[in-house]
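Asker: According to Swiss-Prot, the protein has these features:
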SIGNAL    1-21  signal peptide
DISULFID  Cys24-Cys41  disulfide bond
DISULFID  Cys34-Cys59  disulfide bond
BINDING   His50  Zn(2+) binding site
SITE      Thr58  site 'Contributes to dimerization'
SITE      Ser61  site 'Contributes to dimerization'
DISULFID  Cys63-Cys71  disulfide bond
SITE      His64  site 'Contributes to dimerization'
DISULFID  Cys72-Cys77  disulfide bond
Amino acid sequence: MKTLLLTLVVVTIVCLDLGNSLKCYSSRTETMTCPEGEDKCEKYAAGLMHGSFFFIYTCTSKCHEGAYNVCCSTDLCNKSSTSG
């Protein structure tokens, strides 16, 4: 009986967590849960004057293209320097 109850609790938690639960970095240290419709994490380079740039970390539905950009679809994957 305890096993059945535990199984039902686990299934309920898993089912409740299936919706929009992708987590991405929103800065170098902060994270966020992505809103509905945004199913990718991204880190992309935004240009400044004189050839310098900084990185923007966010959730997205369509990633930017670029040599330094990361586009991926697993939790907290947009901090690394490789795509996933």
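Cβ atoms here come from the backbone N, Cα and C positions, even for glycine.
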Asker: When you measure from the Cβ of Cys77 (disulfide bond), how many other Cβ atoms are you left with inside 10 Å?
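Answerer: Total other Cβ atoms inside 10 Å, all chains included: 21.
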Asker: Do me a favour and check the Cα-Cα span between Cys24 (disulfide bond) and Cys77 (disulfide bond); whole Å is fine.
Answerer: 7
Asker: If I take the alpha carbons of Cys77 (disulfide bond) and Cys71 (disulfide bond), what is the distance between them in whole Å?
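Answerer: Between the alpha carbons of Cys77 (disulfide bond) and Cys71 (disulfide bond) there are 8 Å.
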Asker: What subset of the recorded positions Cys34, Cys41, His64 lies within 10 angstroms of Cys71 (disulfide bond), using C-alpha positions?
Answerer: Cys41, His64
Asker: What is the interatomic distance between the Cα atoms of Cys63 (disulfide bond) and Cys41 (disulfide bond), given in whole Å?
Answerer: 8
Asker: Counting across all protein chains shown, how many other Cβ atoms sit within 10 Å of the Cβ of Cys63 (disulfide bond)?
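Answerer: Taking every protein chain into account, the count is 19.
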Asker: Taking just the CA atoms, what is the gap between the residue listed as 'Zn(2+) binding site' and Cys59 (disulfide bond) in Å?
Answerer: 28
Asker: Just to be sure I understand the packing, how many Cβ atoms besides its own are within 10 Å of the Cβ of His50 (Zn(2+) binding site)?
Answerer: 5
Asker: Select the closest residue to Thr58 (site 'Contributes to dimerization') from the following disulfide-bonded residues, measuring between CA atoms: Cys34, Cys41, Cys72.
Answerer: Cys41
Asker: Starting from the Cβ of His64 (site 'Contributes to dimerization'), draw a 10 Å sphere and report how many other Cβ atoms land inside it.
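Answerer: Here the count is 14.
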Asker: What subset of the recorded positions Cys34, Cys59, Ser61, His64 lies within 10 angstroms of Cys41 (disulfide bond) at the C-alpha level?
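Answerer: Close recorded positions: Cys34, Cys59, Ser61.
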